[in-house]
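The structure under discussion appears below in the form of C-alpha coordinates.
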(Lines of atoms letter the chains of each structure in order from A and count residues from 1; the text may use other names and numbers.)
(Lines give C-alpha, C1' and ligand atoms only; values in the text may rest on other atoms or scores of the structure.)
Protein backbone atom coordinates (compact mmCIF):
# COMPACT_ATOMS: atom_id res chain seq x y z
CA UNK A 1 0.00 0.00 0.00
CA UNK A 2 2.82 2.40 0.90
CA UNK A 3 4.63 1.82 -2.40
CA UNK A 4 1.44 2.25 -4.42
CA UNK A 5 0.63 5.53 -2.68
CA UNK A 6 4.25 6.69 -3.07
CA UNK A 7 3.82 6.68 -6.85
CA UNK A 8 1.27 9.51 -6.70
CA UNK A 9 2.03 13.21 -7.10
CA UNK A 10 -0.24 13.92 -4.13
CA UNK A 11 2.00 11.79 -1.91
CA UNK A 12 5.14 13.46 -3.25
CA UNK A 13 3.72 16.94 -2.66
CA UNK A 14 2.10 16.29 0.72
CA UNK A 15 4.88 14.23 2.28
CA UNK A 16 7.95 15.56 0.45
CA UNK A 17 9.04 12.05 -0.54
CA UNK A 18 9.82 10.32 -3.83
CA UNK A 19 9.92 6.71 -4.97
CA UNK A 20 13.06 5.43 -6.72
CA UNK A 21 13.51 2.03 -8.33
CA UNK A 22 16.56 0.07 -9.44
CA UNK A 23 20.19 -0.18 -8.37
CA UNK A 24 21.59 2.58 -10.56
CA UNK A 25 19.04 5.24 -9.65
CA UNK A 26 19.19 4.46 -5.93
CA UNK A 27 23.00 4.34 -5.94
CA UNK A 28 23.17 7.69 -7.77
CA UNK A 29 20.73 9.17 -5.28
CA UNK A 30 22.68 7.94 -2.25
CA UNK A 31 26.02 9.14 -3.62
CA UNK A 32 24.53 12.58 -4.31
CA UNK A 33 23.37 12.89 -0.71
CA UNK A 34 19.67 12.08 -1.09
CA UNK A 35 18.20 10.91 2.22
CA UNK A 36 16.70 7.38 2.16
CA UNK A 37 13.66 6.66 4.31
CA UNK A 38 12.81 3.04 3.46
CA UNK A 39 14.46 0.51 1.15
CA UNK A 40 12.47 -2.53 -0.02
CA UNK A 41 14.64 -5.42 -1.25
CA UNK A 42 14.03 -9.01 -2.27
CA UNK A 43 17.51 -10.39 -1.43
CA UNK A 44 20.38 -9.13 0.72
CA UNK A 45 22.58 -9.19 -2.38
CA UNK A 46 20.77 -6.10 -3.67
CA UNK A 47 21.93 -4.09 -0.66
CA UNK A 48 25.57 -5.09 -1.15
CA UNK A 49 25.62 -3.05 -4.37
CA UNK A 50 24.84 0.14 -2.43
CA UNK A 51 27.09 2.33 -0.20
CA UNK A 52 26.91 0.69 3.23
CA UNK A 53 27.17 3.87 5.29
CA UNK A 54 24.26 5.46 3.45
CA UNK A 55 21.79 2.57 3.64
CA UNK A 56 22.23 2.38 7.42
CA UNK A 57 20.21 5.60 7.60
CA UNK A 58 17.14 3.88 6.13
CA UNK A 59 14.60 1.35 7.33
CA UNK A 60 15.35 -1.89 5.48
CA UNK A 61 12.35 -4.05 4.59
CA UNK A 62 12.78 -7.51 3.00
CA UNK A 63 9.85 -8.45 0.76
CA UNK A 64 9.04 -11.14 -1.77
CA UNK A 65 10.24 -10.54 -5.31
CA UNK A 66 6.66 -11.24 -6.47
CA UNK A 67 5.54 -8.19 -4.46
CA UNK A 68 8.18 -5.98 -6.07
CA UNK A 69 7.08 -7.25 -9.49
CA UNK A 70 3.55 -6.16 -8.63
CA UNK A 71 4.68 -2.70 -7.52
CA UNK A 72 7.28 -2.17 -10.22
CA UNK A 73 6.90 0.01 -13.33
CA UNK A 74 9.90 -1.66 -14.97
CA UNK A 75 9.66 -4.34 -17.66
CA UNK A 76 12.38 -6.25 -15.80
CA UNK A 77 12.16 -5.43 -12.06
CA UNK A 78 15.45 -5.53 -10.17
CA UNK A 79 14.11 -6.32 -6.72
CA UNK A 80 14.99 -2.97 -5.14
CA UNK A 81 12.84 0.10 -4.41
CA UNK A 82 13.37 3.04 -2.12
CA UNK A 83 11.38 5.88 -0.63
CA UNK A 84 13.54 8.99 -0.26
CA UNK A 85 13.04 12.50 1.04
CA UNK A 86 12.47 14.74 -1.98
CA UNK A 87 15.99 15.98 -2.83
CA UNK A 88 16.79 19.63 -2.12
CA UNK A 89 19.19 20.93 -4.83
CA UNK A 90 20.84 23.25 -2.30
CA UNK A 91 21.84 20.28 -0.13
CA UNK A 92 22.90 17.82 -2.81
CA UNK A 93 26.48 16.75 -3.51
CA UNK A 94 26.63 16.46 -7.27
CA UNK A 95 29.42 14.34 -8.83
CA UNK A 96 32.82 16.04 -9.02
CA UNK A 97 33.09 15.35 -12.75
CA UNK A 98 29.74 17.05 -13.29
CA UNK A 99 30.76 20.14 -11.32
CA UNK A 100 34.14 20.34 -13.05
CA UNK A 101 32.49 20.31 -16.47
CA UNK A 102 29.60 22.61 -15.57
CA UNK A 103 29.07 25.56 -17.93
CA UNK A 104 27.27 28.92 -17.50
CA UNK A 105 24.44 27.35 -19.51
CA UNK A 106 20.94 27.04 -18.05
CA UNK A 107 17.77 25.41 -19.33
CA UNK A 108 14.21 26.62 -18.75
CA UNK A 109 11.41 24.16 -19.53
CA UNK A 110 8.11 25.76 -20.49
CA UNK A 111 5.03 23.50 -20.44
CA UNK A 112 6.91 20.23 -21.05
CA UNK A 113 4.13 17.82 -20.18
CA UNK A 114 5.29 14.51 -21.60
CA UNK A 115 7.23 12.49 -18.96
CA UNK A 116 9.49 10.77 -21.49
CA UNK A 117 10.38 14.07 -23.12
CA UNK A 118 11.17 15.78 -19.82
CA UNK A 119 13.36 12.89 -18.65
CA UNK A 120 15.25 12.90 -21.94
CA UNK A 121 15.66 16.69 -21.76
CA UNK A 122 17.10 16.42 -18.24
CA UNK A 123 19.51 13.75 -19.45
CA UNK A 124 20.67 16.05 -22.26
CA UNK A 125 21.03 18.95 -19.82
CA UNK A 126 23.28 16.84 -17.59
CA UNK A 127 25.26 15.62 -20.60
CA UNK A 128 25.79 19.14 -21.92
CA UNK A 129 26.99 20.37 -18.51
CA UNK A 130 24.08 22.68 -17.71
CA UNK A 131 24.51 24.61 -14.50
CA UNK A 132 20.82 24.35 -13.59
CA UNK A 133 17.40 23.40 -14.98
CA UNK A 134 14.29 25.43 -14.18
CA UNK A 135 10.81 23.96 -14.65
CA UNK A 136 7.85 26.32 -14.83
CA UNK A 137 4.37 25.50 -13.62
CA UNK A 138 2.67 23.43 -16.29
CA UNK A 139 5.60 21.04 -16.66
CA UNK A 140 5.15 17.43 -15.60
CA UNK A 141 6.50 16.61 -12.12
CA UNK A 142 10.20 15.71 -12.56
CA UNK A 143 9.89 13.08 -9.81
CA UNK A 144 7.23 11.08 -11.63
CA UNK A 145 8.50 7.51 -12.21
CA UNK A 146 8.44 7.81 -16.02
CA UNK A 147 10.52 11.00 -15.88
CA UNK A 148 13.00 9.35 -13.52
CA UNK A 149 13.39 6.35 -15.84
CA UNK A 150 13.96 8.52 -18.91
CA UNK A 151 16.37 10.76 -16.98
CA UNK A 152 18.78 7.87 -16.33
CA UNK A 153 20.25 9.48 -13.20
CA UNK A 154 20.25 13.09 -14.47
CA UNK A 155 18.16 14.10 -11.46
CA UNK A 156 21.24 13.51 -9.30
CA UNK A 157 23.73 15.22 -11.61
CA UNK A 158 22.19 18.64 -12.25
CA UNK A 159 20.13 20.92 -9.95
CA UNK A 160 16.42 20.92 -10.88
CA UNK A 161 14.19 23.73 -9.59
CA UNK A 162 10.56 22.81 -10.27
CA UNK A 163 7.10 24.37 -10.16
CA UNK A 164 8.22 27.97 -10.72
CA UNK A 165 5.87 30.73 -11.79
CA UNK A 166 7.33 33.11 -14.36
CA UNK A 167 7.60 35.95 -11.84
CA UNK A 168 10.08 33.91 -9.79
CA UNK A 169 12.15 32.61 -12.72
CA UNK A 170 14.48 35.68 -12.86
CA UNK A 171 15.42 35.26 -9.18
CA UNK A 172 16.78 31.81 -10.08
CA UNK A 173 18.95 33.14 -12.90
CA UNK A 174 22.44 34.69 -12.68
CA UNK A 175 22.71 38.46 -13.02
CA UNK A 176 23.29 39.69 -16.55
CA UNK A 177 22.10 36.48 -18.19
CA UNK A 178 20.74 36.42 -21.73
CA UNK A 179 17.68 34.25 -22.28
CA UNK A 180 17.10 32.76 -25.74
CA UNK A 181 14.15 30.68 -26.94
CA UNK A 182 14.24 27.63 -29.22
CA UNK A 183 12.08 27.98 -32.32
CA UNK A 184 11.49 26.03 -35.49
CA UNK A 185 10.34 28.84 -37.78
CA UNK A 186 13.09 29.52 -40.30
CA UNK A 187 13.31 33.26 -41.11
CA UNK A 188 14.99 32.37 -44.43
CA UNK A 189 12.30 29.91 -45.54
CA UNK A 190 10.28 30.79 -48.67
CA UNK A 191 6.93 32.38 -47.94
CA UNK A 192 4.21 29.83 -47.38
CA UNK A 193 6.51 27.03 -46.20
CA UNK A 194 6.74 28.08 -42.56
CA UNK A 195 5.16 25.44 -40.35
CA UNK A 196 3.31 25.95 -37.11
CA UNK A 197 5.99 25.43 -34.48
CA UNK A 198 5.57 23.01 -31.66
CA UNK A 199 8.11 20.99 -29.77
CA UNK A 200 11.03 23.25 -30.54
CA UNK A 201 9.34 26.47 -30.09
CA UNK A 202 6.55 28.91 -30.26
CA UNK A 203 3.92 30.65 -32.26
CA UNK A 204 3.63 31.16 -36.00
CA UNK A 205 5.50 34.18 -37.26
CA UNK A 206 6.45 35.93 -40.45
CA UNK A 207 9.17 34.18 -42.46
CA UNK A 208 11.22 37.36 -42.22
CA UNK A 209 13.15 38.49 -39.14
CA UNK A 210 12.52 40.28 -36.88
CA UNK A 211 9.61 38.06 -36.09
CA UNK A 212 6.44 38.81 -34.22
CA UNK A 213 4.86 35.89 -32.35
CA UNK A 214 1.15 35.29 -32.55
CA UNK A 215 -1.04 34.64 -29.51
CA UNK A 216 -1.60 31.16 -30.97
CA UNK A 217 1.69 30.26 -29.23
CA UNK A 218 -0.19 29.54 -26.05
CA UNK A 219 -3.95 29.75 -26.49
CA UNK A 220 -4.54 29.06 -22.82
CA UNK A 221 -2.85 32.40 -22.01
CA UNK A 222 -4.77 34.55 -24.49
CA UNK A 223 -7.23 35.96 -21.98
CA UNK A 224 -4.47 36.80 -19.51
CA UNK A 225 -1.88 38.19 -21.88
CA UNK A 226 -3.43 39.47 -25.06
CA UNK A 227 -1.59 39.78 -28.36
CA UNK A 228 -0.27 43.23 -27.45
CA UNK A 229 1.71 41.78 -24.55
CA UNK A 230 3.89 39.56 -26.73
CA UNK A 231 7.19 41.21 -27.73
CA UNK A 232 9.09 40.92 -30.98
CA UNK A 233 12.26 38.85 -30.97
CA UNK A 234 14.88 38.75 -33.70
CA UNK A 235 15.50 35.26 -35.11
CA UNK A 236 18.71 33.51 -36.09
CA UNK A 237 19.84 29.97 -36.81
CA UNK A 238 20.91 27.99 -33.76
CA UNK A 239 24.41 27.42 -35.16
CA UNK A 240 25.17 31.15 -35.39
CA UNK A 241 26.83 32.96 -32.48
CA UNK A 242 24.49 33.40 -29.50
CA UNK A 243 26.00 31.72 -26.43
CA UNK A 244 27.23 34.67 -24.40
CA UNK A 245 28.23 34.11 -20.78
CA UNK A 246 25.95 33.27 -19.00
CA UNK A 247 23.05 32.12 -21.19
CA UNK A 248 19.74 30.31 -20.71
CA UNK A 249 17.63 28.49 -23.30
CA UNK A 250 13.85 28.09 -23.11
CA UNK A 251 12.33 24.94 -24.61
CA UNK A 252 8.57 24.97 -25.16
CA UNK A 253 6.21 22.03 -24.98
CA UNK A 254 4.96 20.34 -28.12
CA UNK A 255 1.28 21.13 -27.65
CA UNK A 256 1.31 24.83 -26.80
CA UNK A 257 4.84 25.97 -27.59
CA UNK A 258 6.37 28.94 -25.82
CA UNK A 259 4.27 30.97 -23.41
CA UNK A 260 4.10 34.78 -23.80
CA UNK A 261 5.91 35.06 -20.44
CA UNK A 262 8.89 33.19 -21.90
CA UNK A 263 9.04 35.56 -24.86
CA UNK A 264 8.83 38.61 -22.58
CA UNK A 265 11.66 37.30 -20.39
CA UNK A 266 13.83 36.71 -23.46
CA UNK A 267 13.07 40.18 -24.81
CA UNK A 268 13.92 41.81 -21.48
CA UNK A 269 17.42 40.26 -21.59
CA UNK A 270 18.14 41.00 -25.26
CA UNK A 271 17.64 37.36 -26.18
CA UNK A 272 16.77 35.88 -29.57
CA UNK A 273 14.82 33.10 -31.21
CA UNK A 274 17.11 30.19 -32.06
CA UNK A 275 15.83 28.55 -35.21
CA UNK A 276 16.46 24.89 -36.01
CA UNK A 277 15.77 24.70 -39.76
CA UNK A 278 13.86 21.64 -40.93
CA UNK A 279 12.79 20.46 -44.37
CA UNK A 280 9.62 22.29 -45.52
CA UNK A 281 6.55 20.25 -44.70
CA UNK A 282 8.03 18.73 -41.54
CA UNK A 283 5.73 19.98 -38.81
CA UNK A 284 8.21 20.35 -35.94
CA UNK A 285 10.93 18.66 -33.95
CA UNK A 286 10.28 16.71 -30.79
CA UNK A 287 10.99 19.04 -27.84
CA UNK A 288 13.62 16.68 -26.38
CA UNK A 289 15.48 16.52 -29.70
CA UNK A 290 15.33 20.30 -30.04
CA UNK A 291 16.70 20.71 -26.51
CA UNK A 292 19.61 18.37 -27.26
CA UNK A 293 20.53 20.19 -30.47
CA UNK A 294 20.45 23.67 -28.94
CA UNK A 295 22.13 22.76 -25.63
CA UNK A 296 25.08 20.99 -27.24
CA UNK A 297 25.51 23.84 -29.72
CA UNK A 298 25.51 26.23 -26.75
CA UNK A 299 28.14 24.06 -25.09
CA UNK A 300 30.27 24.12 -28.25
CA UNK A 301 30.08 27.90 -28.48
CA UNK A 302 30.86 28.47 -24.79
CA UNK A 303 33.87 26.13 -24.91
CA UNK A 304 35.12 27.81 -28.08
CA UNK A 305 34.78 31.23 -26.49
CA UNK A 306 36.61 30.00 -23.39
CA UNK A 307 39.41 28.58 -25.55
CA UNK A 308 39.77 31.89 -27.41
CA UNK A 309 40.03 33.78 -24.12
CA UNK A 310 42.69 31.35 -22.87
CA UNK A 311 44.66 31.75 -26.11
CA UNK A 312 44.53 35.54 -25.81
CA UNK A 313 45.85 35.38 -22.25
CA UNK A 314 48.79 33.25 -23.42
CA UNK A 315 49.87 35.76 -26.08
CA UNK A 316 53.13 37.58 -25.20
CA UNK A 317 52.64 41.19 -24.18
CA UNK A 318 54.56 43.53 -26.61
CA UNK A 319 57.31 45.52 -24.93
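The backbone N, Cα and C atoms fix where each Cβ goes, glycine too.
Bear in mind that the values here come from a model prediction, so they are computed numbers and not experimental data.
According to TrEMBL, the feature domain 'RNA 2-O ribose methyltransferase substrate binding' maps to 19-90. Summarising the annotation, TrEMBL assigns region 'Disordered' to 184-225. The feature compositional bias 'Low complexity' is assigned by TrEMBL to 202-217.
Remark: secondary structure over the domain 'RNA 2-O ribose methyltransferase substrate binding' (19-90) totals 26 helix, 19 strand, 27 coil, with classes taken from DSSP.
Mean pLDDT for the domain 'RNA 2-O ribose methyltransferase substrate binding' (19-90) in this predicted model: 92.
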